[in-house]
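Some notes on the structure that comes next.
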Amino acid sequence: MSAVSQPQAAHAPLEKPASTAILCNTCGNVCKGEVLRVQNKYFHIRCFVCKACGCDLAEGGFFVRQGEHICTRDYQRLYGTRCFSCDRFIEGEVVSALGKTYHPDCFVCAVCRLPFPPGDRVTFNGKECMCQKCSPPTLLGNSAHVAQGLRSCGGCGLEIKNGQALVALDKHWHLGCFKCKTCGKLLNAEYISKDGLPYCEADYHSKFGIRCDGCEKYITGRVLEAGEKHYHPSCALCVRCGQMFSEGEEMYLQGSSIWHPACRQAARTEDKSKETRTSSESIVSVPASSTSGSPSRVIYAKLGDEILDYRDLAALPKNKAIYNIDRPDMISYSPYISHSAVGDRQSYGEGDQDDRSYKQCRTSSPSSAGSVSLGHYTPTSRSPQHYSRPGSESGRSTPSLSVHSDSRPPSSTYQQAPRHFHVPDTGVKDNIYRKPPIYKQHAARRLDVEDSSFDQDSRKKTTWLLLKGDADTRTNSPDLDSQSLSLSSGTDQEPLQRMAGDSLYSRFPYSKPDTLPGPRKDGLDLRNANLAPCGADPDASWGTREYKIYPYDSLIVTNRIRVKLPKDVDRTRLERHLSPEEFQEVFGMSIEEFDRLALWKRNDLKKKALLF
């Protein structure tokens, strides 16, 4: 890059023979009459203008830069060098010292304010430049040795005779010898020293630099140390409050997380305040006034010596079979219910209303017109959950199966039955996430009193519903109509009767509504209905539910930024929405290997992958 200041362009008449055409260097047309000549090039007077502003250059000075002609004002504005002392553009002779440029008259001694004589030694004490007369005298004891040492270059070792010298690291250097020890780059600005040797910033960081454990960048300037970790002051943030740490403030370090002392104490206090109120093998449910959106509506579960808190239970689906305890201490009997023919609807307690309003297994056929005389629950080898019921004697009661008609709500009398009896402990602690119970539902004699077209003879019908936690079939379609659940056209078609009432108290407290087909002699008619078991585990295996695949970036959850996840994802099973290839990349193992890990290990891996 070169810029040459040119005098005014010369007006020259066209002296070449007419046979040889002279072209304008700007427009390329033939030059006729009076032209301008700059070096060996010719221009029309109207074509010789500034490249930047377009002003006429025929009457003033200009600069040539990379073949372009620029006026003085634009050249200084675009490419000019300013004096470090007076901040004006430098034209002509320039003095460079310590990476800065000066006018010769502006580069003066800091003490006597006189310009430095040509060839005089310049002493730089780290702040100011002083001439040889104003520099501090050397010690008298070894003046000859010191004087000789000051005249030797710290880089090449040669004597500094005439010209300027650079003082750095207690040595004198030729201006061209003060270079980086590693890459040999000329150090005319900032540098970093190590063991008396100068380095540029990049090479110093590559050899001796300290990386920030927060942003993984090199630390220049202030550094915050926490144990063996180092941080920029702006990168050390408390994981609880997100605030920075002040200088000298105490901090707690836990893994890769750092805490303020007050924030850590507050977190411990919150952990201690969570006390379990359960028996040896029971689950505490929230009051009936709680919202139904809380995960499984469970706060704590105690199974033997193991206590499962909300974080462990949050990793399970909302209807996970956590209630299927294979080794119960108690087995509860359902109370007896008697219905009257005509009366107002029975008002239940607050706990019953909450259970009834939740998702329950019931029939959805719209053709029911009769009433049911009795419905009861048959206990199996597994005990149902104990619920808090206001007004009961012991604070516990048993779930019951109450059946009502939609058209005629009967009134019922609630009679308490013996509550509990003990079962010997088998000593075997089974897996609580498997072996859901088998329910048996008996429908007694049904009478149709409103439709004269139906048969008046009473028939005894029994419907068996087997619920299996590992069932592979699920109902994915909308509510089935009565035609899809009816019998074939060759037989007597019996109208589907809906179990009257909106509440069905089964031993599984939270379950999904399903449609049951019409009964026949040998049991359920499964030709036209694809039954989904109530309370079945939707995440028992990868094959029972199809998870929509999303990229890993859209599933990440952090505590600093509120991330909006897709609507159809399972928030407790975010890793199920990864493709097998991306799952292998994120967790370093296959899906089958991940499922064989313990629950706490899976949760720990999900936390590290920001999927928890």
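Using the three backbone atoms N, Cα and C, a Cβ is placed for every residue, glycine included.
The candidates are Ser294, Ser334; Swiss-Prot tags Ser294 with the feature phosphoserine. Swiss-Prot marks one residue of Ser279, Ser347, Ser368, Ser412 as phosphoserine, namely Ser368. Between Thr278, Thr380, Thr473, Swiss-Prot assigns phosphothreonine to Thr473; no such entry appears for the others, which is not proof they lack it. Non-local neighbourhood of His260 (Zn(2+) 4 binding site): Cys238, Arg240, Cys241, Gln243, Phe245, Glu249, Met251, Tyr252, each in the same chain, at least six residues away, with C-beta under 8 Å from its C-beta. Other Cβ atoms within 10 Å of the Cβ of Cys112 (Zn(2+) 2 binding site), summed over all protein chains shown, number 11. Of all Cβ atoms in the protein chains displayed, 12 besides its own lie within 10 Å of the Cβ of Ser579 (phosphoserine). Following the DSSP three-state reduction, the secondary structure of Cys263 (Zn(2+) 4 binding site) is helix. Around the Cβ of Cys241 (Zn(2+) 4 binding site), a 10 Å sphere holds 12 further Cβ atoms from the protein chains shown. Of the recorded residues, Cys263 (Zn(2+) 4 binding site) and Cys134 (Zn(2+) 2 binding site) place their C-alpha atoms 59 Å from one another.
The Cβ of Cys131 (Zn(2+) 2 binding site) lies under 8 Å from the Cβ of Cys109, Val111, Cys112, Leu114, Phe116, Pro117, Asp120, Arg121, Val122, Thr123, each of which sits 6+ residues away along the same chain.
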